[in-house]
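Peer 1: Features from Swiss-Prot:
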type     : residues : note
TOPO_DOM : 1-25     : topological domain 'Cytoplasmic'
TRANSMEM : 26-49    : transmembrane segment
TOPO_DOM : 50-59    : topological domain 'Periplasmic'
TRANSMEM : 60-78    : transmembrane segment
TRANSMEM : 81-97    : transmembrane segment
TOPO_DOM : 98-109   : topological domain 'Periplasmic'
TRANSMEM : 110-129  : transmembrane segment
TOPO_DOM : 130-141  : topological domain 'Cytoplasmic'
TRANSMEM : 142-162  : transmembrane segment
TOPO_DOM : 163-180  : topological domain 'Periplasmic'
TRANSMEM : 181-198  : transmembrane segment
TOPO_DOM : 199-202  : topological domain 'Cytoplasmic'
TRANSMEM : 203-222  : transmembrane segment
TOPO_DOM : 223-254  : topological domain 'Periplasmic'
TRANSMEM : 255-283  : transmembrane segment
TOPO_DOM : 284-296  : topological domain 'Cytoplasmic'
TRANSMEM : 297-312  : transmembrane segment
TRANSMEM : 315-330  : transmembrane segment
TOPO_DOM : 331-334  : topological domain 'Cytoplasmic'
TRANSMEM : 335-349  : transmembrane segment
TOPO_DOM : 350-360  : topological domain 'Periplasmic'
TRANSMEM : 361-380  : transmembrane segment
TOPO_DOM : 381-385  : topological domain 'Cytoplasmic'
INTRAMEM : 386-421  : intramembrane segment
TOPO_DOM : 422-449  : topological domain 'Cytoplasmic'
Amino acid sequence: MSTPSARTGGSLDAWFKISQRGSTVRQEVVAGLTTFLAMVYSVIVVPGMLGKAGFPPAAVFVATCLVAGLGSIVMGLWANLPLAIGCAISLTAFTAFSLVLGQHISVPVALGAVFLMGVLFTVISATGIRSWILRNLPHGVAHGTGIGIGLFLLLIAANGVGLVIKNPLDGLPVALGDFATFPVIMSLVGLAVIIGLEKLKVPGGILLTIIGISIVGLIFDPNVHFSGVFAMPSLSDENGNSLIGSLDIMGALNPVVLPSVLALVMTAVFDATGTIRAVAGQANLLDKDGQIIDGGKALTTDSMSSVFSGLVGAAPAAVYIESAAGTAAGGKTGLTAITVGVLFLLILFLSPLSYLVPGYATAPALMYVGLLMLSNVAKIDFADFVDAMAGLVTAVFIVLTCNIVTGIMIGFATLVIGRLVSGEWRKLNIGTVVIAVALVTFYAGGWAI
């Protein structure tokens, strides 16, 4: 006779195809917790950035958790992929500093712009345009995007703990930070520990490292302190003003605002699409043609999350590259994403706990994932010289410009021009050329973020 737990495990396994994809329920939950810890910083960073632009931080905190929670749960249930949704940091910065502070657009109009961006983004996804872009993504550029994102993660993590800093002097743009600081030492030691644990195939090695460093930080770092467990979420500021449903769609249709909406859409299309492709590839969730399994559902969920963001008062949403931390921990199904979503909904009431995980506890995980993504170099076909070089150009300029879309644009342009100059124009397809022209025009017109 089967026990209730066995039946539960069986139903989970059947729904999420856990065994079929070579995983276990425990492995998926650990992967989800790993991803959550790697991206929980967003509930602090996003309210802080939008708060500088006049958004009520407490209300933004709630909205950020709702977007990440519900978006990730839908991704898991519908697309069955280990991809976590959250408010995109780059698009949050654009919303706060360019739209509101730079163009002096009101908060309701900015939220209307986010909503319109989400609607256009969803139309592009639902009509198959995003899938078409993925089908016309050259192999070199696709693998180069994965390499570039890996390098980008390494730079983000190293800069976040002060290992690499902006050069205060003339010369190169970056410089070595203070190597002897506690965050830097903990990050590098943590990276080495993760590598050792992964070599030994210790289950949940990344998660154990994050928890271990957090405990060390709580003991020795005065900036990490226990301030309680529970806190009731607030949907409005101290004056009772709520962001939910406060968007001004008609204001966002103003000709002055529309170019910014289109810039958000173009950036999201290529940034998020490249991220989803890279993380799915890292998790071996591509079919025999190199396309994402149930990719259409993932792309639509990703875009619809931005519609929800505009309604509840948050920044545009996107799949987080930190999802790769979960796939590195073994996540292969939507149960990973659902775990992330449930944890974000719980953190609504446990917000003090989010401050117990310092940046230097998650930095080693991001560094390790970045290193893993560099393995995409081995997937590049160097027998096709132009395609291979375009891929490497994509990778290098993603990290040099700190912008995924810019790297993809330069990679596409390099491929098309390289094919023409080398006499290999017959290898080009119309889709690749159209995307290259669209991206170059987007940048030449000054609309890029």
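Please read every residue number as a count from 1 along the shown chain.
A Cβ is built for glycine as well, from the same backbone N, Cα and C atoms used for every other residue.
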Peer 1: Does the structure show the transmembrane segment (142-162) and the transmembrane segment (315-330) touching, where I'm treating 3 or more Cβ pairs under 8 angstroms (sequence separation 6 or more) as a contact?
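Peer 2: Counting Cβ pairs under 8 Å, at least 3, so yes.
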Peer 1: Please work out which recorded stretch in 81-97, 181-198, 361-380 has the most C-beta pairs separated by under 8 angstroms from the transmembrane segment (297-312)?
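Peer 2: The stretch I would name here is 81-97.
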Peer 1: Cβ pairs under 8 Å only, please: of the recorded stretches 26-49, 81-97, 181-198, 203-222, which one is richest in them relative to the transmembrane segment (255-283)?
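Peer 2: Maximum Cβ contact count belongs to 81-97.
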Peer 1: Considering only Cβ pairs under 8 Å, which range in 110-129, 181-198, 203-222, 335-349 makes the most contacts with the transmembrane segment (60-78)?
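Peer 2: Per the Cβ count, the answer is 335-349.
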Peer 1: Is the transmembrane segment (81-97) packed against any residues at least 6 beyond its ends, judged by a Cβ distance under 8 Å, and which are they?
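Peer 2: Distant contacts of the transmembrane segment (81-97): 28, 31-32, 35-36, 39, 42, 45-46, 49-50, 52-53, 55, 64, 67-68, 71-72, 74-75, 110, 113-114, 260, 263-264, 267-268, 271-272, 276, 279-280, 283, 285, 292-294, 297-298, 301-302, 305, 309, 314-320, 322-323, 326-327, 331-337, 340-341, 403, 449.
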